[in-house]
C-alpha cells in the first residue's frame, strides 16, 4: 500500500495561519469595540463607519476561529490519515486549554475566554476523528439544521427550562477558583454547553465541517478549486435564503412589529442572517461562514504557495501561528492594561500592528509562541510516540 502523503516532510500550510490571523484580528476588534477613530466617543456618537465594521466582523471572526479549530484538529490528528494516539493528544490539549483559559480569566478578572469552550469542543470532536469527510459533512448539515432550531425554541419558549442558559442557578467562580469548588463544576459545564449565547450548539456544525475540510488534500489545486466553488455557492444560497425569509416570508416586518424582547420571534426569522437574527439562532449563518472560510482558504492557500507572497504576508502568517498566545494576551491586556472603556480605533490598530511586527521577530528566534510551546511540550511528554495508523 502506498502512502504518498508520508513520503516526505511537507511545509506548513501558511494559508491556514493567514485565516487564523484574520479571525484573531476580528475578535480583537470586537473585544475592543472602538467608539471613535482617534479618541473614544460616547456610544451615541459612534461613527457609522465603525458601526458598519463591527456589524461586518461581529460573530463572523469567531465563526472563522471555530471553523479553523475543526481544521486544526484534523491536522493535529494526522491530516488525511489520523494518528493512533489522536484521542489521547486531543484530551491532553483540551485539558491544557481549559487550564490556560482559567488562568486568562483569573488574570483578566472576567469569565470571557473562549478557550474553555474550545477545550470542550476538542472533547466533543475526540470520538469523531476517524470518521470520513462525507460522514462529517453529513453530520454538519444535519446539526446545522437542527441546532439553530433547538436554540430558537429554548430562547423563545423554554427560558425557564433546566437546560436553558437563562434559567439561573449557581454562578461559577471566576478563573482558577472554580477548580476548588466541586459544587460549581456542573454549573460550569452547563454554561460551556449552553451559555455564551448558545455558543456550543452554534459551533458544532462549524467544527464538524472544519474536521471534514482538514481531512481533504489541501495542497491539491483541484481540491482548492472545488473549495472555492462550493464556498461561493454556500455564501450565495445562504444570502438568498435570508433575503427570502426577511422579504417574501415577512420575517423583517414581523420582527419590527414585536412589542418586546420577551415576545416569541416569528419562526421565519430562523432563516434570517444577522443582524436580523442572533447568529446561533440562524440556520444559514453557519453554512455561510463555512462558505466564507472555504473561499478564504482556497485563495490564501494558493496565494501563499508563491515565495513573493510568503514574504509580503509574513506578518499575517506569523501572527496566525501564534494565535493561542495572542488570544490570551489580548484578553489580559484589554482588562488589565488598556483602562476603562470606551476605546478608540487607535488602540485596536496599535495592538494589531504590534502583533504583526512582533510575531515574525519572535519566530526568527523561537519555533513556537510561548503558549503554543507549552501545550506542545506537555502533549509530547504525555504521549511520546506518534504512531500512524
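Here the Cβ of each residue, glycine as well, is placed from N, Cα and C on the backbone.
Of the listed segments 114-131, 168-185, 366-383, TrEMBL assigns transmembrane segment to 114-131. In TrEMBL, the feature transmembrane segment is placed on 60-78, out of the ranges 60-78, 79-97. Helix first, then strand, then coil: DSSP counts for the domain 'Heparan-alpha-glucosaminide N-acetyltransferase catalytic' (12-143) stand at 97 helix, 2 strand, 33 coil.
According to DSSP, the domain 'DUF418' (290-379) comprises 73 helix, 1 strand, 16 coil. Note on the transmembrane segment (114-131): residues 27, 62, 65-66, 69-70, 73-74, 77, 82, 86-87, 90-91, 93-95, 97-98, 100-102, 104-105, 139, 189, 192-193, 196, 199-200, 203-204, 207-208, 211, 324, 327-328 of its chain, located 6 or more positions outside it, place their CB under 8 angstroms from a CB of the stretch.
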